[in-house]
Amino acid sequence: MGQFYLNINFEETYEDLYLYTLNKECYECPYLLSYHGNGSIKNCMSKDPPNTVFSTDLKFRIATEHKEYFPQDQSSNVICDLDQSFGQFGIYNVNINESGCYVDVLVEPVNIYTPILTVILIYSALFSLIYGIFFLWRTRKTSEDSQAKKERIKSLDTFRGISIVVMIFANFGCGGYEFIDHAKWNGLHIADLVFPWFIWIMGACIPMSLTSSFKRKILNKELMANITKRSLKLFCLGIFLGSGSDLNFLRIFGVLQRFGVAYFTISTICIYCMDRAEIKEGNSYLADILKIWKGWIVVLSLLLVHTILIFTVAAPGCPKGYMGPGGLHKNRSHNHCVGGATGYIDELILGNHRYQNPTIWAIYEAKPFDPEGLLGCLTTIFHVFIGVQAGTTLIVYKNHSDRLIRWLSWAVFTGLIGGGLCGFSKEEGLIPVNKNLWSLSFVMVTSSLAFLMLSITYILVDMKKWWSGKPFLYAGMNAILMYIGHEMTDGHFPVRWYLHNYNSIQGDYRRTHFLALLSDVWGVSIWVLVAVYLYKINYFFSI
């Protein structure tokens, strides 16, 4: 996947030509000298021009000057820049002469999006057949589900199910599509939504759970014991699943660890700051906010601490307020400033116990960096509390329109703040949208989309009842089991499979988008079917 063949020809008038490459995702980075050809540094093009396979995420520069890093803004000694899009499996010929560079398409690239429709049709036919067989076998239908789940807000479970299904699909490889996969640094792709949505939904469920406990007169001491036990279980499960076995580089923080930290903190805040008096609906337009106003003061204080640290703390030789990836960024001027204050604080406290191979290494040549480190926990706590606000609205208001008006108002409010912080752009603005840093703009934008998504599912599932929420409803009711299970079964048949290719250049044995999508959707479908089965036998895994 993501490869094309490039042949470069040039006239003999050029004694020394050098090929440079730049990843399109590498913002304000220099071109890197390519050693394709005879492998030597000098005359790396003129003696043996490169006839080879390149990645489609690269753009090229051909120059007469030899250097390891060639700044983008340097125009001297540049023959040409090849900024055009080279498509997958295309074959291209570049001719260089005194008047410039000319690209000929020898073999047209393939359409990488065609497999999406093909795989949808294949699996739609397969699962329609399976469903038809089970439908014929089913002789009776009980009303057990409708009686047991009558009062449950199904839209929350459906929303959670959508999040965990997309999360598994992204972790399995998302069919090799970049627009689904996580953004390398700044920006927001589909896969970047699922973790913040999942943790936001956790926040929405906290006030509903605590309200039930308050009504049963459970003591704070007992509530704190249960919360602590659950948080420790999440943290320890996260270490087991993602920390590795090398004690010198044992990763302490991760996805479930952050769940544990945020759950413990927000639950504690809600226990001691939430107004337990029953508020009569309609007493105040801000009744849901007033119910947890003390909690807002606490989380806004934590957010203030985070903001101060971001803009005042800097590693030696690094500028304050820097939020870039370091490495090649800004022509290597901030080479050791990986993640700014976020990375530096993790380095001071966690040392080697950070994520050693972040995705930014392949783009910016920068590591180590932990996307689930310490400083991001503060904004994650704030993120979860925004979810608490959505759940409090459910408790206070029973009318559909009252709930929807408030959720959509929050969607607009948080969206405008997030957009303003990032300047409504990918790379500009005071605080860019960045999942790795869990930046404030990222919190606001993903929360805005979460309010919007909850409103849509609420209308379809709970208000109009146009959709039962299935099959995502099933996945949402066993989301933690699906997360743990897919992590442990990745790489094991029949959940995961691929067709081996010994000649793979990039080491991705799925080879094409069609095979990758076929394999990844299969893996997700297996876990959805597991969730359906667990629902049918009335088994719900909880921590």
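One-based numbering along the chain as shown.
Heads up, the Cβ atoms here are built off N, Cα and C, so glycines get one too.
Going by TrEMBL, these are the annotated features:
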- 112-137: transmembrane segment (TRANSMEM)
- 158-180: transmembrane segment (TRANSMEM)
- 186-210: transmembrane segment (TRANSMEM)
- 231-250: transmembrane segment (TRANSMEM)
- 256-274: transmembrane segment (TRANSMEM)
- 295-315: transmembrane segment (TRANSMEM)
- 373-397: transmembrane segment (TRANSMEM)
- 404-426: transmembrane segment (TRANSMEM)
- 438-461: transmembrane segment (TRANSMEM)
- 514-535: transmembrane segment (TRANSMEM)
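Outside the transmembrane segment (186-210) by six or more residues, the chain places 27, 156, 159-160, 163-164, 166-167, 170, 174, 178-180, 223, 255, 258-259, 262-263, 266-267, 270-271, 274, 292, 380, 383-388, 390-392, 394-395, 426-427, 432-435, 442-443, 445-447, 449-450, 453-454, 479 with a CB less than 8 A from a CB of the stretch. Put simply, of 112-137, 373-397, 404-426, 438-461, the stretch with the most CB pairs closer than 8 A to the transmembrane segment (158-180) is 438-461. With a cut-off of 8 Å on Cβ pairs spaced 6 or more residues apart, the transmembrane segment (438-461) and the transmembrane segment (112-137) reach fewer than 3 such pairs and are scored as not touching. Between the transmembrane segment (514-535) and the stretches 112-137, 295-315, 373-397, 404-426, Cβ pairs under 8 Å are most numerous for 112-137. Nonlocal intrachain contacts for the transmembrane segment (112-137), taken as residues 6+ away from its ends with a CB within less than 8 angstroms of a stretch CB, comprise 1, 87-88, 175, 177, 512-514, 517-518, 521-522, 525.
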